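A short worksheet on the structure shown next.
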Amino acid sequence: MDHSAHMGMSTHMGMSDMNHSTTMPPSHHHPTSSGSHESMMMPMTFYFGFKKVEVLFAGLVINTAGEMAGAFVAVFLLAMFYEGLKIAREGLLRKSQVSIRYNSMPVPGPNGTILMETHKTVGQQMLSFPHLLQTVLHIIQVVISYFLMLIFMTYNGYLCIAVAAGAGTGYFLFSWKKAVVVDITEHCH
Amino acid sequence: MAGMHFIFSDQAVLLFDFWSVHSPAGMAISVLVVLLLAVLYESLKVGKARLLLQALMSLSTPTRQQLIEETDQDSSSDSLPDSRTHLRWFMCHFGQSLLHVAQVVIGYFMMLAVMSYNTWIFFGVVLGSGVGYYLAYPLLNMT
């Protein structure tokens, strides 16, 4: 995932009407020396709980253990789907890169002879269907990766475990027979 | 919520309730920890790729036809019995999945640490990523 955490901050500003039982003092730039942060509106440390857990959208609030279990499964499947989508995009990209252009040009050789140098270009056309499909899938992938980041940002232990476990399971299942070409320079990949 | 801009401060609470920093020495140690975390993150990325390469070079499985590039000892003999090969591939892939989980978790931890908006921590993450990349990526091409 190549995004910055700051993108998620703007979404949290819209959640300022969360219904929390603790009163919220005006936010200070420098925390008090007691070091206690329980009075902060948004949790900044990991916790395990299932009461009044707001997830992503205004109406999605978890209040019972049953709802938390459902949310766990949903987040797990979302993370698995994200990994599968990544693998699927890689596969589609490889399959669609069949248009190879060979471009031969004469170049001067060492002894005054003329050599033919051949350049090979692999690529997609911009308006071709595979490229459009890749773009749509890319948008979906970016949105889901941001959702997963925001879910992790709730600092709820259960949901974070669901994200990690889903990512691991998805990776395990979908890249079973993956090709070697791995783009490990992709951040958070 | 904490102020939405970077500050220089010796006070922070990072990730867990017990990780509260209130002194310059504590902050220095925290920056070091975060730096090492970032180094670990970069190493995990390289580790996953190396594990894959290692498995490919030591196993001759049908999946190799789909695989490209550097792995190049062309031993085409299928001398290993299938079940043993599959088990080894399974173990390697399981190990890779564990590394992947660790990578995802550490990546999120680093994101949350930067979210504390403490400039020292941010420097630690950035520097750690640089050092980690510098140390780990050459190992990718080593055989």
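Placement of Cβ uses the backbone N, Cα and C atoms for every residue, glycine included.
The structure displayed is predicted, hence computed values, not measured ones.
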Quiz item: Do A:LEU60 and A:VAL107 come out on the same side of the membrane in Swiss-Prot's annotation?
Solution: no
Quiz prompt | Helix-strand-coil residue split for the topological domain 'Cytoplasmic' (A:89-131), DSSP-based | solution = 11 helix, 18 strand, 14 coil
Self-check item: Other CB atoms, at most 10 A from the CB of A:THR113 (phosphothreonine)
Solution: 7
